[in-house]
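A.B. asks: What follows is a single structure, and I will ask about it in a moment.
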C-alpha cells in the first residue's frame with residue numbers, strides 16, 4: 001500500500017509539470033500581454049518595453065519558465081503582476097475560501113443525493129424513482145449562475161433574509177452568524193450540480209447491486225431488509241465516491257461563475273481575473289496548486305475505495 | 001412578585017448588553033460603495049483599475065499638486081489648486097513651470113509636506129536606481145510624464161518642473177500624480193507592497209483596513225487641509241463587485257449604499273425601490289478610431305458616410321436612456337466644444353457619399369471587445385452599429401476579442417493590423433491633450449501614442465503646437481475649439497455615444513453632487529440612520 005501511494009505521488013510530478021507548461025504556453029499563445037494591465041491604454045511602446053524589462057518579461061519564454069520552476073521548487077511563487085502581492089498569499093487565501101464552499105457543497109450534495117439515489121435505486125420504475133430522476137436532471141441542467149441570481153433575487157432582494165454578496169470577513173468564522181448567512185446561498189447554488197450527478201450515479205449503482213445474486217442469497221438467508229441494504233450500499237459506494245471526488249475537484253477550480261455572481265473571493269474568481277489580466281505568476285501558481293489538489297483528491301478517493309472494496313486494490 | 005421583578009430586571013440587563021454595541025455602531029456613519037472593479041485598486045500611490053481606482057482610492061487617500069473641481073454638476077469639471085496653491089510658467093523660460101505648495105499640509109503620519117517630498121515622489125515615478133523608484137508607479141505615471149524632463153526644489157515650498165517642449169497643459173497631467181509620504185515609505189524600506197498595506201497620504205480619508213480582494217475601509221481625516229472637504233461621514237467602505245446584477249442585488253438588500261454602473265434593465269426596478277438614480281454627462285466617448293492608411297476610411301467621404309449612417313437615438317433607447325448621442329468627439333458641455341459639424345442621421349446622404357467614393361459594398365473590419373473599462377455594452381452596441389452601417393451599403397466584419405487583446409492592438413497601432421479599419425476603445429477626454437490631441441496629432445501616431453490610425457494633417461499639427469505654446473487661457477481657448485471643430489470636419493472617428501455614467505444610491509444618502517467628470521467627490525455625502 002505504501003509503495004502504491006509513493007508511486008502515485010511520484011506520478012503526480014509529470015502531471016504538474018505538464019499542466020504548468022501547457023498553461024504557460026497558452027497564456028503566451030493568446031493575444032494580449034501581462035504588462036497591459038499595469039499600463040493606461042495609451043501608454044507608448046517604449047514604456048511597454050521598459051516595463052517588460054523591469055519585470056523580466058523581455059527574456060525568452062523557456063528561460064522565464066525555467067526560472068519560475070526553479071523558484072517554485074524553493075517555495076517561492078513570486079508576486080502577482082497585477083496586484084504586486086505575493087502569489088502564495090493570494091492562493092492560500094482564495095483557495096481557503098473555495099475549499100470552504102466546495103467542501104460544504106459536496107458534503108450537502110453527497111448526503112442529499114445518496115439518500116435520494118438509494119431510494120430511487122431500490123424502487124426503479126416507480127413514481128418515486130421518476131421524481132428523484134427528475135430532481136437529478138434538474139440539478140444537472142440548471143445553469144448554476146442563473147440559479148445563484150434567482151436565489152439572490154428571492155432571498156436577498158425580496159425577502160431580505162440573506163446577504164447577496166461577499167463573505168463578511170477575511171476568514172470564515174463558524175461561530176459568526178453573519179458569516180454563516182453569507183455562506184448559505186453560494187453553497188446551496190454550488191451543491192445543485194453534484195446533487196444531480198451523485199444522485200444519478202447512486203441510483204444506477206444501487207439498482208445494479210440490488211439485482212446481483214448475493215442480494216438474493218442474503219434475502220434467502222432471511223436477513224432483514226435493512227441489513228441487506230447495508231451490504232448492498234457498501235458495494236454501491238465505490239463508484240459514488242469516485243464521482244464525489246471528481247465533483248470536489250471540479251468545484252475547486254470550476255466555480256468561477258458562482259463566485260463571480262456572489263463576489264466570493266475564491267480561487268475561481270481569482271483565476272478569471274488572472275486570465276483577463278494575463279497575470280502569469282498567479283495563473284501558474286494557482287493552476288499548479290489546483291492540479292496537485294486534484295491529484296491528491298483522486299488518490300484519496302482511490303485509497304478509500306480500495307479500503308471499501310479490496311477487489312479494486314491495485315499495485 | 002420579587003421573582004417577576006428579577007426576571008424583568010435580568011431581561012433589561014440582557015437587552016442593554018445587546019443594545020450597547022448597536023448604539024455604538026450607530027454613532028459611526030458608514031458609506032458602503034460597490035465598485036465595478038474586480039479587485040481593490042492599488043493603495044500605494046497612483047492606483048490601478050482605471051479611473052475607478054482614481055475616483056475611489058487615489059483622490060481619497062492622496063492628493064496631487066493639482067486637483068479637480070468636483071463641486072458642480074452643471075459644467076464639465078476642470079482643474080483647481082491641490083497640494084500646489086498656484087502655478088505659473090517661468091517668464092524667462094516657457095519650458096519651466098513653477099508650482100507653489102500649500103504650507104499647512106500634513107501627511108496622515110503627521111509629517112509636513114515640503115518641496116523635497118514632491119521631488120522625492122517624482123523620483124519614485126521616474127528615476128530608475130533611486131531607492132524609492134517603483135516600476136508600477138513608473139508605469140502608471142508614464143502616460144502623464146511624456147513631456148517631463150526634470151524637477152528641482154526652488155525653495156521649501158516651491159518646485160520647478162521642466163518639460164521637453166513648451167506645454168501649456170502640464171497642470172492637467174499633474175492632477176494624476178499622487179503624492180505619498182516619504183517618511184512612511186522609508187519606514188517600510190521603500191517596499192511598495194508593505195506601504196500599500198499601511199499607506200500614508202494627505203487625502204481627505206485615512207487608511208483603516210484592507211482585506212485583499214474583498215474590501216478596503218477608509219476613515220475620515222479630521223485634519224484634512226481643505227476644511228470644506230472633510231468627509232461628512234465617518235467611514236468609507238469600498239467593495240469590488242464586477243457583476244452588475246450582484247451590485248444591484250446588494251443595493252436592494254441594503255448591503256451597500258452606492259453602486260456604480262447598474263445594468264440599464266435594472267434601473268426601473270431600482271427606481272421602484274426608491275433608489276436614487278443619478279446620471280450626468282461626463283467626458284467619455286464611445287467611438288471607433290479609424291485607419292487612415294489602409295482601407296476605405298482613408299477616404300473622407302467614407303468616414304462621413306459612416307457618421308451619417310448612424311441613428312444615435314436608437315443607441316440611447318437600447319441603453320435605457322443612460323447614454324447621450326455622440327455627434328462629435330467631445331460632449332457639448334465641454335468648454336472646447338466650439339461649433340463642430342453635426343453628423344445627423346441621413347441614410348440617403350450616406351449612400352450617396354459611398355457611391356461617390358466608389359465603395360459599394362464598402363467592406364470594413366472593426367476590432368471590438370467583449371467587455372472592458374468604459375466599454376458600456378460592447379456586443380449589442382456593436383451589433384447595432386453593424387446593422388445601421390450595413391443598411392447604407394457597408395459590409396461590416398466584427399473581430400471580437402477580450403479587453404486585454406484589444407488594448408494591445410490599440411497600442412500597437414495600424415501598422416501591425418492593416419486588415420483592421422477601426423478599433424472600438426472607449427476613451428476618457430478629461431483634458432485637451434487626452435480629449436483631442438492624442439488622437440489627432442501626428443506626433444502621437446502609434447505605437448508612440450494614441451493616434452491609432454495615423455491621422456495626419458499639417459494644419460491640425462500647427463494648431464496643436466500653437467495651443468501647447470499658448471500659456472494664456474483666454475487666448476488658448478479659441479485654438480482648442482478650432483482643434484475640436486477640425487476633428488469633426490475631418491471625421492477623425494466614427495462617433496456613437498457618450499456615456500451618462502449612471503449610478504444608484506440608497507435613499508439614505510444626501511448631499512452628493514454628480515460632477516461632469518470621471519472622478520467624484522464623496523466627502524459631502526451624509527448617511528441617514530436606517
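In case you wondered, yes, glycine gets a Cβ from its N, Cα and C as well.
TrEMBL feature annotations, pasted as is:
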{"type": "TRANSMEM", "residues": "A:9-30", "note": "transmembrane segment"}
{"type": "DOMAIN", "residues": "A:95-305", "note": "domain 'ABC transmembrane type-1'"}
{"type": "TRANSMEM", "residues": "A:99-119", "note": "transmembrane segment"}
{"type": "TRANSMEM", "residues": "A:131-159", "note": "transmembrane segment"}
{"type": "TRANSMEM", "residues": "A:179-199", "note": "transmembrane segment"}
{"type": "TRANSMEM", "residues": "A:240-262", "note": "transmembrane segment"}
{"type": "TRANSMEM", "residues": "A:282-304", "note": "transmembrane segment"}
A.B. asks: Report, as numbers and ranges, every residue of the chain located at least six residues beyond the transmembrane segment (A:99-119) whose Cβ falls under 8 Å of a Cβ in that stretch; write 'none' if there are none.
C.D. replies: 128-129, 132, 135-136, 172, 183, 186-188, 190-203, 205-206, 229, 233, 236, 240, 244, 247-248, 251-252, 255, 258-259, 264, 266
A.B. asks: Should anything in the same chain at least six residues away from the transmembrane segment (A:131-159) have a Cβ under 8 Å from its Cβ atoms, list it; otherwise answer none.
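C.D. replies: For the transmembrane segment (A:131-159), the list is 113, 116-117, 119-120, 165, 184-186, 188-190, 192-197, 199-200, 203, 257-258, 260-262.
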A.B. asks: Please indicate, using numbers and ranges, the residues of the same chain that are 6 or more beyond the transmembrane segment (A:240-262) and have a C-beta under 8 Å from a C-beta there.
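C.D. replies: Sequence-remote neighbours of the transmembrane segment (A:240-262) are 95, 98-99, 101-103, 105-106, 109-110, 114, 117, 143-145, 148-149, 152, 164-166, 185-186, 189-190, 193-194, 197-198, 201-202, 205, 268-269, 271-272, 290, 293-294, 297-298, 300-302, 304-305, 308.
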A.B. asks: What residues in the same chain, six or more past the boundaries of the transmembrane segment (A:9-30), come closer than 8 Å to it by Cβ-Cβ distance?
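C.D. replies: Hits for the transmembrane segment (A:9-30): 61, 65, 68-69, 278, 280, 283-284, 287-288, 291-292, 295-296, 299.
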